[in-house]
Amino acid sequence: MASNSCKSKILSNVLSCLNYKTGKFIIAESKRIGTLYRVIQLSIIGYLVGYVFLSKKSYQAKEESIQSAVITKLKGVAVTNTAESGRMVWEPVDYVIPPQGDAVFFIVTNFIETPNQKLGNCAESPDVPDGHCKGDKDCAMGESVKTGHGFRTGRCLRDNGKSSGTCEIYSWLCHDMTKSNENVLEAENFTIFIKNFIRFPKFSFSKANVQDTADKYHLKKCHYDELLEPYCPIFSLGDIVYRTGHSFQDMVLRGGSIGILIKWKCDLDRDHSECKPRYNFTRIDINASRESTGFNFRHARYYKNESGEVYRTQFKVYGIRINIMVHGKAGKFCIIPTVINIGSGLACIGGGTWLCDWILLYLMKKREFYKDWKFENVKKYEDTKQIPEEQQLTDQSPEV
């Protein structure tokens, strides 16, 4: 008997897997549960419409892999008058490095000139630790001085019988080491023309930050303004520095680095004229304490005298390094993300139904009463019998 009972139970469990479960709708006259359910529904619909579709525009296909090209051109002149070079006019070919109009370039605003440097032998600077010596053996011929200015000649030079000195080197810095004072260029009114071409390949959409116009003199007299002249990308150097929130005079003297970010945010479902560039200016050479060591480097101009001897003039230049970066995002209506987001919203509404059911069946005082109406097993009836009609919950359901 026990064996038969066990077999029957196993068979019953196996056959129960073939049962079909279907939903049963009951009306629970609970104002609290009904209000909660409607609040959840409206919240989800509000989130879907207000945030997902209107704010994030999730009904659009997106592209952020922007293709971009930047061309720059500088204009403006400055005059300096030094004892070494006399009166000199500085044009863009003199103060823009490199001069070919790249997205990264340097503008000279201040310089120190050291003229008439020739190759020769002299003592290494005492400020260079690797150049110190006590004898000639410390100055191996042909070896360079680390962080120094030339190559050792094999001699240790000591003054007035001192026990230590510095190595003799072969270097440019051995003749006429006099330096001029700092020479500042009046660079505040230099203008920078930034031409930017972009393309979103996914949508085959291209645009430039310069608008076509019949007035051929427009770019010669306009100046950038976010509201009045958004398609006139001409900026003065002083305006760029001021937009970073830093002092122009400080950057002129010590130098610095500025990043210009061009942002394109294009909704291609609207008119293409609304796809406008936005410019952001940031000083990027500052540390955590908002201090900067400035920006400078050295370069030289070489000459040859009548006897064929080569000499040079060295310039230590300070200035502003400009780095132009381009970011962009474009969107256009697409049925696939639209359907996906609508489906996700409907699924969230289904989650609200589950929450209300759980509260109704497990937290309410009359939860056992609701369970009896919620879950019902429909047994097999004979063909001649009918399934009893379902009684409405509203006939017996008490207020919760």
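Glycine too: its Cβ is placed from the backbone N, Cα and C atoms.
Small disclaimer: the values here were computed from a predicted structure and weren't measured.
Annotated ATP binding site per TrEMBL: LYS73, LEU74, LYS75, THR191, ASN296, PHE297, ARG298, LYS316, in sequence order. Within the same chain, residues at least six positions away from LYS316 (ATP binding site) with a Cβ under 8 Å of its Cβ are PHE111, ILE112, THR114, ASN296, PHE297, ARG298.
As annotated by TrEMBL, disulfide bond applies to CYS133-CYS156 (among others).
The feature disulfide bond is assigned by TrEMBL to CYS139-CYS167 (among others).
For CYS222-CYS232 (among others), the entry in TrEMBL reads disulfide bond. Residue density at CYS222 (disulfide bond): 16 other Cβ atoms are found within 10 A of its Cβ, drawing on all protein chains shown.
All protein chains included, CYS275 (disulfide bond) registers 18 other Cβ atoms within 10 Å of its own Cβ. Under the heading disulfide bond, TrEMBL lists CYS266-CYS275 (among others).
The feature N-linked glycosylation site is assigned by TrEMBL to ASN189. Residues near ASN189 (N-linked glycosylation site) in space but far in sequence (CB under 8 A, at least 6 apart, same chain), listed by position: GLY76, SER236, LEU237, GLY238.
For 35-54 (among others), the entry in TrEMBL reads transmembrane segment.
Annotation source TrEMBL lists transmembrane segment at 342-364 (among others).
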### Message
Going by a 10 angstroms cut-off between Cβ atoms, which of the disulfide-bonded residues CYS167, CYS232 has the sparsest surroundings?
### Response
CYS232
### Summary
Cβ contacts within 10 Å for CYS133 (disulfide bond), all chains included, total 20
### Query
Are there residues at least 6 beyond the ends of the transmembrane segment (342-364) whose Cβ is under 8 Å from a Cβ of it, and what are they?
28, 30, 33, 36-37, 40-41, 44-45, 47-48, 52, 370-371, 374, 400
### Query
Given the ATP binding site residues LYS73, LEU74, LYS75, THR191, ASN296, PHE297, ARG298, LYS316 in the record, what is the largest Cα to Cα distance, rounded to whole Å?
24
